[in-house]
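I have placed the structure first, in the form of structure tokens, so that the comments after it can refer back to it.
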Amino acid sequence: MAAEGGRCQKSYFDVLGICCPSEVPLVEKLLQPLEGVQKVTVIVPSRTVIVVHDVDAISQSQIVKALNQARLEASVRAYGNGSEKITNKWPSPYVLLCGLLLVVSLFEHFWHPLKWFALVAAAAGLPPIVLRSIAAIRRLTLDVNILMLIAVAGAIALKDYSEAGFIVFLFTTAEWLETRASHKATAGMSALMSMAPQKAILAETGEVVAARDVKVNTVIAVKAGEVIPIDGVVVDGRSEVDESTLTGESFPVSKQPDSQVWAGTLNIDGYIAVRTTAMADNSAVAKMARLVEEAQNSRSSTQRLIDTCAKYYTPAVVVMAGSVAAIPAIAKAHNLKHWFQLALVLLVSACPCALVLSTPIATFCALLRAARTGLLIKGGDVLESLASIKVAAFDKTGTITRGEFSVEEFQPVGERVSLQQLLYWVSSVESRSSHPMASVLVDYAQSKSVEPKSENVSEFQIYPGEGIYGEIDGAGIYIGNKRILSRASCETVPDMKDMKGVTIGYVACNNELIGVFTLSDACRTGSAEAIKELRSLGIKSVMLTGDSSAAATYAQNQLGNILAEVHAELLPEDKVRIVGELKEKDGPTLMVGDGMNDAPALAKADVGVSMGVSGSAVAMETSHVALMSNDIRRIPKAVRLARRTHRTIIVNIIFSVITKLAIVGLAFAGHPLIWAAVLADVGTCLLVIMYSMLLLREKDSRKAKKCAASHHGSPKKCCSSSHHGSHAKKNHGVSHHCSDGPCKSMVSCKESSVAKNACHDHHHEHNHHEEPAHKHSSNQHGCHDHSHGHSNCKEPSNQLITNKHACHDGHNHCADTSNLHDTKKHDCHGHEHSTCKEELNALPPTNDHACHGHEHSHCEEPVALHSTGEHACHEHEHEHIHCDEPIGSHCADKHACHDHEQVHEHHCCDEQQTPHTADLHPCHDHDHDNLEVEEVKDCHAEPPHHHNHCCHEPHDQVKNDTHPVQEHSISIEESSDHHEHHHNEEHKAEDCGHHPKPKDCAPPPTDCISRNCCSNTSKGKDICSSLHRDHHTSQASRCCRSYVKCSRPSRSCCSHSIVKLPEIVVE
């Protein structure tokens, strides 16, 4: 990638021969003397050399040639063409030959002359080391190549040829491994730099041109599946754009005319025409690439300390090694070979590659990881400061709040100016401003048929922390907060303190207040969550805003009063003063802002965070961290990343030092192993690189995989910690709830013989739950499949063993604290945005209370029943119910089957049943289109305004001598055509209610055919026979089961749509 500025060009080179910072001086001394080279930057972690040069004086190929003369394996990096590929996939021929010969030399015990192959192996791998050493010596620099060359020469002098061969092989192999290990980081940087394509298509002619040649205000065409090459505004078309590469947002963003689009983002579907607003080199992605590039050269205090130590460490160890070899020789000590070997071990250990790499490689990986998630951290020093933050100060407008204002009130003061004239003046002056309030006022004026004319405004001026000024039609207009009135010399200011939660603006002209307006703003989604996360990290959060105290207090209340301090009505200098006080009182301070007013405070803070793309250019340039999106939840993620990076650097430093000390200690203890010293040196470098690259991995994905895997083997836990899960409590062995969060596991809920089992599946998939059969006459089994459900169920702990209590809550909190008798059952099915209240204190001991709250419903239903067993399956979707249903009947068992799908009507009917009735009321067919109610002739006639779906049989028919204990078996089947829902009909079925307005009762659809068959009676057998005749032959064997056959592909269960209903067979 090349950035041109006049006759200069910035070129990028991959230099694989750079293995540690000790070779940086060599590269600089090779290139800086060349004519036309203006600046040389070496980035060791990514093995990149950036050269600013005159293209007429020296070309890229000449620079590559100069680097390769020192065997640095340089090549030109080409961004944007997608051709970046893995280089050095295999070791060089020198390394392969060296290794092969070294293996042959290992068989010298079988044939002694084979030992010479080790010497040949050393000679075969030396050429790259020798050439680099010569280049370093010519420029009077001491690097690792010279140290390794001396170590090889010393081993050969001691006639330890195998040692010499191992030194060369280990060093060259480790260099290749380091290159391969760091390729991922280099590839990540290449992808970041080449996000924007190098070509663009002109919308008018269809001509393909270079992106860098496209001028501002040129309309370019972007088709579906293409990457937007230049920043701009959509002028035609609509589409969804994936901005994850730039902002880290995972969801596509809808774009329509007047929407801003950014270079490097992907147009998913649809054609759009974009008018460019910047040159390719000044696009957001280009700025991001430059910031990351500059950040790599910004050293932290830890890195500067290590570099300083390394500067003196290498010469000191070289002198020590020379002394260890020279002094015994001069003193004519015995066993000189041992002292020479010890000197060589010290010499190899003189290169602090791993120690010097410990900080920059970790910093590089952290900066790249942050950039991938929409965080631009400008250097290792910022990352280090971010890890020690104790206080976070937030601006309000556009940071904590959305910055998307709405005009609540706009009115003139007095009779001097009309509303239309006032709107014209305000909108015209505000059209010159970039403040978030400005566009809202302009839009409001246009909605009142007032067109602003910014060209008529002169002498426009911004007063930070106060407002703006402009002259139009000979009148000087001041617009801003209360302070602007002092500047406008207004004598009277109205008292507006009683207006809570709004931002108050004033309009003044000629020393007189002529207008007042109020704007409201809401907190961003995730603001409270971000502040809570910071608090969990031990970071105090405060608000600094120039807005009114009322607006600041309102925002604090919206956040749940989680801010430690709130400072309102501040000027920019006040924010700077408070940030300084926070630094002195609490420690390192972080400041988050998005506007020009925040720039001084951002610069004053230890770490300033701007809102990036949406923020002002001044704030982005002044800040130390830029958010490429408006999600401030990335701030605690940045703090976590910084702290994790700090820990990684500490581990790298400790490991680097310990390995050096261990090798030297081993040598002084009488075991001077040169090959071990080489392995410790280059091997430690490799391990430091690999450990640092763990920062590139995403921790959340590993946790999610771990959670998903654990739930396959542990059905009882069921993702209790997930955001979409539910909380359930076990009540004395009576009720066990299994709540499955967003895991794709199939969970079975088990219970004791006297317990009730409720299995709730809350997920974002179409999952099905299979549950084993449970045998007991008093058991109740309910299986509810909820999609996108959030549940919080609280159940009483003082239930008896036959109590049945289920709390099913979708997007709701349903609580029951009543004391239940052992024959009571309480079902609370709370659905989306519903409130369910139960009052059971007035009920007799045998009462059964059922409350089904649906979407936007408030339901209170006292129910009195004599029942010992009950099966309830309720399917409600998009219901709006407000009903009170007193029901009284004497039943031994009860079965109610309600199938309501997409019916926005009321089905509340009332029927008073006499005790021990033997009448049969089968379920009726429901149809959206044909609003008819079909009744079987065996059922009693009901009034026209009642819709009853009841199936009753005498009490003595329930008991069966051959089946004293009921067996409940539940199976789940899925069909592309239909879903069948079966229930046991050996119980009485009843749905009796009353609705005050019969006209609101609408029959359900006909395509869902529902039958309740009770074949234990003669009437039930007649119904079975009728099923044979009514094209339901396949279901004749299931006559005594209640089933639903629906032709629709999607069903509902408990007001949750698009949930595939299981087939439930109760036998």
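Placed from the backbone N, Cα and C atoms, the Cβ positions cover glycine too.
Here is what Swiss-Prot says about this protein:
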{"type": "COMPBIAS", "residues": "724-735", "note": "compositional bias 'Basic residues'"}
{"type": "DOMAIN", "residues": "9-75", "note": "domain 'HMA'"}
{"type": "REGION", "residues": "711-739", "note": "region 'Disordered'"}
{"type": "REGION", "residues": "760-790", "note": "region 'Disordered'"}
{"type": "REGION", "residues": "960-996", "note": "region 'Disordered'"}
{"type": "TRANSMEM", "residues": "94-114", "note": "transmembrane segment"}
{"type": "TRANSMEM", "residues": "117-137", "note": "transmembrane segment"}
{"type": "TRANSMEM", "residues": "140-160", "note": "transmembrane segment"}
{"type": "TRANSMEM", "residues": "162-182", "note": "transmembrane segment"}
{"type": "TRANSMEM", "residues": "313-333", "note": "transmembrane segment"}
{"type": "TRANSMEM", "residues": "342-362", "note": "transmembrane segment"}
{"type": "TRANSMEM", "residues": "649-669", "note": "transmembrane segment"}
{"type": "TRANSMEM", "residues": "673-693", "note": "transmembrane segment"}
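Between the transmembrane segment (162-182) and the stretches 117-137, 313-333, 673-693, Cβ pairs under 8 Å are most numerous for 673-693. For the transmembrane segment (649-669), the partner stretch with the highest count of Cβ pairs under 8 angstroms, out of 94-114, 117-137, 140-160, 313-333, 342-362, is 342-362. Secondary structure of the domain 'HMA' (9-75) per DSSP (helix as H, G, I; strand as E, B; remaining residues coil): 20 helix, 23 strand, 24 coil. Within the same chain, residues 19-20, 144, 148, 151, 154-155, 160, 163, 166-167, 170-171, 174-175, 177-178, 181-182, 184-185, 341, 344-345, 348-349, 351, 353-354, 357-358, 361-362, 364-365, 648, 651-652, 655-656, 659-660, 662-663, 666-667 sit at least 6 positions outside the transmembrane segment (673-693) and bring their C-beta atoms closer than 8 Å to a C-beta of that stretch.
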